[in-house]
């Protein structure tokens, strides 16, 4: 699949942005497919990234029971299934929507 630098060069990697919608706006412009890879460029100890199960956990960025949580960076997530992948940490969040077959 294609490798996506999350946020693209314009956001400078996975870090807090002045606009909390920055990553959601970036994600809305992408056309993700299964086997695509999300590359989160951040430094270990400065950030983390989580994929959560439900939209409610996403909106609250509740990472107590994540699908996966990566405290060390940089990191990559492969989009293995169609559907909505809810990604968040702190005020950084977006949904990676992967169309079905």
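Heads up, the Cβ atoms here are built off N, Cα and C, so glycines get one too.
Record note: of 48, 84, Swiss-Prot gives the feature O-linked glycosylation site to 84, with no matching annotation on the rest. Most other Cβ atoms within 10 A: among the recorded positions 61, 88, 97, that distinction falls to 88. Cβ environment of residue 41 (N-linked glycosylation site): 5, 6, 13, 14, 73, 74 lie under 8 Å away, each six or more residues apart in the same chain.
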